[in-house]
Amino acid sequence: MSNSTLKYIGKRLVISLITLFVILMVLFLMVKFLPGSPINNEKLSASARAAIEAQYGLDKPIPVQFVRYIQNMLTGDFGVSFNLYKDMQVSSLVGSAAKLSMIYGLCAVIIGTVIGMFLGVFAALHKNTIWDTIATVISVIGVSIPSFVFAMLILLLFASKLRLLPTSYSSSNAIKSSIMPILALSVGVIANVARFTRTEMVSVLTSEYMTLAKAKGLDRKTLIFKHALRNALIPVITILGPILVNLMTGTMVVEKICSVPGLGKLLINSILSNDYNIILACSFLYAAMYIFMMLIIDISYGIIDPRIRLGKDD
Amino acid sequence: MDLEKIEFLPDDFEFVGDKQDITKDVVAPSLPAWKDSLNRFKKNKGAVIGLICILVIAVFAIFAPMLSSYEFDAINTKIASISPCAEHFFGTDTYGRDLFVRVWTGTRYSLFIAVVAIFIDVIVGMTYGLISGYFGGKVDSVMQRIQEIINSIPTLVILTLLLMVMKASLFTIIMALSFTEWIGMSRITRAQVLRVKEEEFVLASRTLGASNMFIIFKEILPNIYSQMIIMIMMSIPNAIFYEAYLSFVGLGLPIPMASLGTLINDGFNSITIYPYMMVIPVIIFSILMLSFNLFGDGLRDALDPTMKEM
């Protein structure tokens, strides 16, 4: 790692931290001024309200509250839930939900990338045949149609009609009830990866070093796996960003449909019941994960292909 | 083979004669750029099918609610939850509202929201990108930093928060969608402006004493419009999707208004008993998304053949 690479990473880190701080501040202020919080309940008498405010530390000026919130947050304390799960620690609620969402996301990425790569390579090797067309149609459908539609169709077909899968999540039957959401989430990944791998693979297969490798008399297996695939896969990293963002949006709705108690469902429920501490924590966690992913992807671009970094420095 | 032994016979050769007139060059007729693009577009079957689907759905969305004898928000519990039949093509919902009218009205709202939101995006994003790219220097770096910060907040967080502060209505949903989509537009504009402004015809124009306004509107904009159209077509399905997403989160259009998102969400609540209530809007939603994507891809390949595939 050269000096300029480190400088670039440092710059990106600082921007990310500033962004996170700004997001937290905006979230915090919004929550403070939003109508309909449990503290703003008109049925409460003045003394009862004062008591509650003192209990949650809401009687201090807002900057003090904000500093206090950040201090607590750094020790892993996001406050307590107001409405949804009365007085439960937000950090434990969000923590367990986020764990489930992340596992699902990770499974979808792994399954999707493997199947997508296979499909893409298959299509590229059978270019301009019926197989290629079928693979292309599948990937166009998968790219265009959002994951919640697939979740609904799977739910309707396999859970509601054929009764092969449970309609909602239960922790006693975790594996079987995870099939539906993971399947629905991975369709988009499969399609994106397949489409991209095919394009890359086709351009690699027609390159001159492939002709050379063929001329050397290498067998087809070595040719495809060792020479073509490896070079075609490097650029696939570039689409991981959009894929992960899609997944994050996708999980929110898919979790609601398959009633998975993940981060998305928690956020939706807390929005519906105005539970501001949970909304704040979930949104912040989403933003933090997003920024972290973008940072990792940007840095890995920079290391793989230094031209990208230089191009961005304008 | 022994070369010495090859013998050439007279009928091994054929007299070409003057069948080919080498004094005349065969050149494809010159076509205006739009005709060239149109020809390329017509060759792309998927894109043409996409365009036709979009047009058919748009026609239904505009005219079906007008021509039907039912109102999209007329509640009549006597005819509640009827499966699709000749009287109600798409059946009725649990309140007895005719779903044929409701689905097409919903499609109308979804398309309206998407088109208006994208229209605002284009204006805001293009202005931002043009200023940032054209003037460069300090202006550019400040504007880019601001954009970087806004861009690193995930769309779904922005949307959710905005709509919690402003209670959901047609206007606020459009505002929220425009607020998140303009960044992509301004990025493309900026990149294109940076590319075009170094070209020699811009330099020539400036040498002739053209003002900044003249260069922006007469020299740069006409050269980047195709990128803009492509971007617009790619953004519309995004806007339709986010509208549906908002409906799912419970921040969609308020009742009795309907959009594809709210219809799918309502239908989902009775999915096990009346699957048609959800399946029909889902099908139209999916066809719309697919068509816009196919059409957008086709348009990109037609307008800018160098950008083919990603």
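Heads up, the Cβ atoms here are built off N, Cα and C, so glycines get one too.
As recorded in TrEMBL, the features of this protein are as follows:
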TRANSMEM  B:47-67  transmembrane segment
DOMAIN    B:107-296  domain 'ABC transmembrane type-1'
TRANSMEM  B:109-135  transmembrane segment
TRANSMEM  B:156-180  transmembrane segment
TRANSMEM  B:229-253  transmembrane segment
TRANSMEM  B:273-295  transmembrane segment
Positions whose Cβ lies under 8 angstroms from the transmembrane segment (B:156-180), at least six residues beyond its ends: 109, 113-114, 116-118, 120-121, 124, 239, 242-243, 245-246, 249, 251-254, 257
Within-chain partners of the transmembrane segment (B:47-67) [C-beta distance under 8 Å, separation at least 6 from its ends]: 41, 100-101, 104-105, 107-108, 111, 284, 287-288, 290-295, 297-299, 301-302
Chain residues outside the transmembrane segment (B:229-253) and at least six past its termini with a C-beta under 8 angstroms from it: 109-111, 113-115, 117-118, 121-122, 155-156, 159-160, 163-164, 168-170, 173, 176-177, 180-181, 184-185, 188, 259-262, 264-265, 285, 288-289, 292-293, 295-296, 299-300, 303-304, 307
